[in-house]
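Novice: Quick one: the structure is below, questions incoming.
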Amino acid sequence: AYFNGAVPGEPVKKDENSRRGNWGNQIEFVLTSVGYAVGLGNVWRFPYLCYRNGGGAFMLPYFIMLVFCGIPLFFLELSFGQFASLGCLGVWKISPMFKGVGYGMMVVSTYIGIYYNVVICIAFYYFFMSMTNLLPWTYCNNPWNTADCSGVVGSGHQLNASLANATTSLVAGVSEVVNRTKRTSPSEEYWKHYVLNISDDIGNFGEVRLPILGCLAVSWCVVFLCLIKGVKSSGKVVYFTATFPYVVLTILFIRGITLDGAINGIKYYLTPQWQKVLDAKVWGDAASQIFYSLGCAWGGLITMASYNKFHNNCFRDSIIISITNCATSVYAGFVIFSILGFMAHHLNVPVSEVADHGPGLAFVAYPEALTLLPISPLWSLLFFFMLILLGLGTQFCLLETLVTAVVDEIGTDWIIRHKTIVTLTVAIAGFLLGVPLTTQAGIYWLLLMDNYAASFSLVIISCIMCICIMYIYGHRNYFKDVEMMLGFPPPLFFKVCWRFISPVIISFILIFTVIQYKPITYNDYVYPGWSLAIGFAMALSSVICIPIYALYKISRSPGATFRERLKNACRSHPKWGPALQEHRTGRYAPMASEDTVEARPLKEKEELKEELKEEEKEKERKDEISLTIQGSNGSTNTHNNPNPSA
């Protein structure tokens with residue numbers, strides 16, 4: 001894919017095809033794809049959605065959505081981009097009226113790119129703060145701690161240091177448990193009172209947290225420097241970057257399950273709360289997490305797949321990557337909930353009340369576990385380095401997809417030559433738009449964007465894409481395209497899901513989500529109405545691109561009546577199909593020029609005739625330029641030279 005340095009979205013030339021999708025071997029390709037798909041959404045967003053929706057109550061709809069929507073739509077996007085070798089805007093030659101779906105993907109990627117990098121910058125912050133002999137969230141004797149703080153390491157140390165006062169300490173401890181409504185861990189207070197210094201309202205921005213702002217600048221600089229000349233893979237590096245996170249998670253998991261109370265956290269994680277299973281919001285969260293985690297409707301999957309070889313088995317890749325990605329989410333959930341069970345046991349509170357919701361869950365539970373490991377600063381450095389790797393792997397794709405969209409759409413020589421300037425401009429804009437998220441109210445805005453800008457809009461975009469390909473372009477046509485590309489038709493299960501099951505499930509979830517709509521909250525904080533209005537505006541800003549562009553395309557299409565214009569706007573572009581001439585066989589094989597023209601409406605005939613005439617003139621011009629040079633031995637050498645004076 002683009003990791004080899006090619007320009008995404010650009011039609012493939014014959015001499016480039018040999019290096020497109022050439023990953024050295026299939027294992028490296030899969031590992032790199034897993035590195036893109038497996039991101040912070042697996043170790044951050046999935047556990048907090050489980051935590052918010054009652055643990056096991058979220059797992060059932062999550063797996064149902066994975067089987068009937070996630071994997072089928074993941075395969076659909078991979079095959080879509082690979083067949084045409086075009087990016088998320090160019091592929092809509094399949095039905096030009098629906099190009100607004102591609103623009104909607106760009107808007108969603110913009111929102112995600114803004115707040116995703118803020119989460120990465122917090123990982124950078126914790127990484128830098130781990131460069132010490134003692135992690136600052138280990139004890140409760142810091143200026144930002146409150147009287148409710150109860151540290152695991154600290155309390156044990158104090159108890160052993162004063163055996164003579166053991167009885168007094170025990171009585172005081174019992175009294176403390178009775179008097180306090182809730183005790184908090186030092187890692188939670190470090191997150192809330194020191195890192196965020198969170199305000200009391202989403203409208204109360206307070207001050208910019210300068211350390212977070214500095215880390216945000218570092219994060220955007222790293223992303224930009226890695227994308228100056230495109231993201232390139234050195235082949236064997238993916239063996240480390242894709243497997244290292246699993247090593248760290250395994251170490252934390254082994255440590256977590258050996259802690260007191262860990263089994264209670266795992267029970268909470270696996271036990272369904274059946275009253276919540278009937279809640280439409282739980283199903284909506286499961287659907288949005290599947291799309292968020294797999295990267296569906298972001299535009300990145302189509303862009304990456306456009307660099308595969310035409311006959312690459314993307315069906316096998318989609319199964320491997322989807323299952324590995326979601327298995328990682330479930331594995332990360334075991335790690336977090338074993339730690340939450342221990343924290344609940346120590347703090348003497350229910351598992352559901354042990355920590356904040358949102359991204360804070362990952363920055364509270366994981367750091368708490370790190371303090372329990374020997375040489376904890378070292379493991380903390382490795383863990384947050386892992387988070388940075390996970391985040392940057394996805395952020396690279398987001399930024400490169402946005403830059404590609406700008407370059408492909410404008411397409412001028414200056415833009416193509418100065419792609420680095422476009423990348424820098426997008427990075428600077430992303431940094432500036434992320435500044436409000438580094439204020440004291442930033443966490444409120446981050447959750448607002450996550451719940452609205454990158455939630456059900458992903459589901460709507462994927463649903464419309466599926467309907468367009470199956471019913472506007474035609475399911476039979478697409479099945480033949482996939483068979484031409486892979487050598488076998490899509491399995492029956494995927495055919496049924498694409499045509500019926502996936503769109504129906506998504507439609508029902510959207511309907512019931514509207515009926516049972518509940519405003520988002522952050523712990524006990526209820527978002528005001530004006531902030532929810534902004535959230536809905538962000539969600540609709542990506543979806544509204546679809547009807548707006550459709551109306552625009554219809555108005556510009558030839559035809560005397562609206563029906564004719566609509567029909568012409570939906571018809572596939574003449575250049576739709578495989579990018580390389582050698583792959584354009586069967587119904588994509590070149591036809592006689594007059595036959596091609598006669599099959600089109602009058603205005604389109606004239607346009608095609610003009611194109612054919614220009615191609616003939618170009619061919620004649622090249623023939624004239626061809627110089628016949630008489631050799632010294634009397635032989636004739638013919639050279640096609642683009643310069644007549646050569």
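Backbone N, Cα and C define each Cβ position, glycine as well.
Straight out of TrEMBL:
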{"type": "BINDING", "residues": "GLY35, ALA37, VAL38, ASN42, SER293, ASN325, LEU390", "note": "Na(+) binding site"}
{"type": "COMPBIAS", "residues": "597-625", "note": "compositional bias 'Basic and acidic residues'"}
{"type": "COMPBIAS", "residues": "627-646", "note": "compositional bias 'Polar residues'"}
{"type": "REGION", "residues": "587-646", "note": "region 'Disordered'"}
{"type": "TRANSMEM", "residues": "29-47", "note": "transmembrane segment"}
{"type": "TRANSMEM", "residues": "59-80", "note": "transmembrane segment"}
{"type": "TRANSMEM", "residues": "101-128", "note": "transmembrane segment"}
{"type": "TRANSMEM", "residues": "210-228", "note": "transmembrane segment"}
{"type": "TRANSMEM", "residues": "237-257", "note": "transmembrane segment"}
{"type": "TRANSMEM", "residues": "290-307", "note": "transmembrane segment"}
{"type": "TRANSMEM", "residues": "319-344", "note": "transmembrane segment"}
{"type": "TRANSMEM", "residues": "378-399", "note": "transmembrane segment"}
{"type": "TRANSMEM", "residues": "420-446", "note": "transmembrane segment"}
{"type": "TRANSMEM", "residues": "452-475", "note": "transmembrane segment"}
{"type": "TRANSMEM", "residues": "496-517", "note": "transmembrane segment"}
{"type": "TRANSMEM", "residues": "529-552", "note": "transmembrane segment"}
Novice: Mark yes when the transmembrane segment (237-257) and the transmembrane segment (290-307) have three or more Cβ pairs under 8 Å (sequence separation 6 or more) and no when they do not.
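Specialist: In this chain the transmembrane segment (290-307) does not contact the transmembrane segment (237-257) - fewer than 3 Cβ pairs sit under 8 Å.
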Novice: Taking residues 6+ outside the transmembrane segment (529-552), which of them lie with a CB under 8 Å of any CB in it?
Specialist: 97-101, 103-105, 107-108, 111, 202-203, 444, 448-449, 451-453, 455-457, 460-461, 464, 519-520, 569
Novice: What is the number of other Cβ atoms found within 10 Å of the Cβ of SER293 (Na(+) binding site)?
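Specialist: Looking across every protein chain shown, the total is 23.
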Novice: What stretch of 59-80, 101-128, 237-257, 378-399, 452-475 shows the most Cβ pairs under 8 Å to the transmembrane segment (319-344)?
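Specialist: Of the candidates 59-80, 101-128, 237-257, 378-399, 452-475, 237-257 scores highest.
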Novice: Short question: most Cβ pairs under 8 Å with the transmembrane segment (237-257), which of 59-80, 101-128, 210-228, 378-399?
Specialist: 378-399
Novice: I need to check the long-range neighbours of the transmembrane segment (101-128): which residues 6 or more away from its ends have a CB within less than 8 Å of a CB in the stretch?
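Specialist: Answer is 40, 44, 88-89, 91-92, 195, 211-212, 215-216, 218-220, 223, 297-300, 302, 359, 363, 367, 380-381, 384-385, 387-388, 391-392, 394-395, 398-399, 401-402, 405, 430, 433-434, 437-438, 442, 445-446, 449-450, 453-454, 457-458, 461, 464-465, 468, 538, 541-543, 545-546, 549.
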Novice: Tell me whether the transmembrane segment (210-228) sits in contact with the transmembrane segment (420-446), defined here as at least 3 Cβ pairs under 8 Å among residues 6 or more apart in sequence.
Specialist: yes
Novice: What is the number of other Cβ atoms found within 10 Å of the Cβ of ASN325 (Na(+) binding site)?
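Specialist: I count 24 other Cβ atoms within 10 Å of it.
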Novice: Could you tell me what the rest of the chain brings near the transmembrane segment (496-517), counting residues at least six beyond its ends with Cβ under 8 Å?
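Specialist: For the transmembrane segment (496-517), the far contacts come to 65, 68-69, 72-73, 76, 279-281, 283-284, 287, 456, 459-460, 462-463, 466-467, 469-470, 475, 490.
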Novice: Considering only the recorded stretches 59-80, 378-399, 420-446, state which has the highest number of Cβ pairs under 8 Å to the transmembrane segment (452-475).
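Specialist: Per the Cβ under 8 Å count, 59-80.
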Novice: If you count Cβ atoms within 10 Å of the Cβ of LEU390 (Na(+) binding site), leaving out that atom itself, what do you get?
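Specialist: A count of 25.
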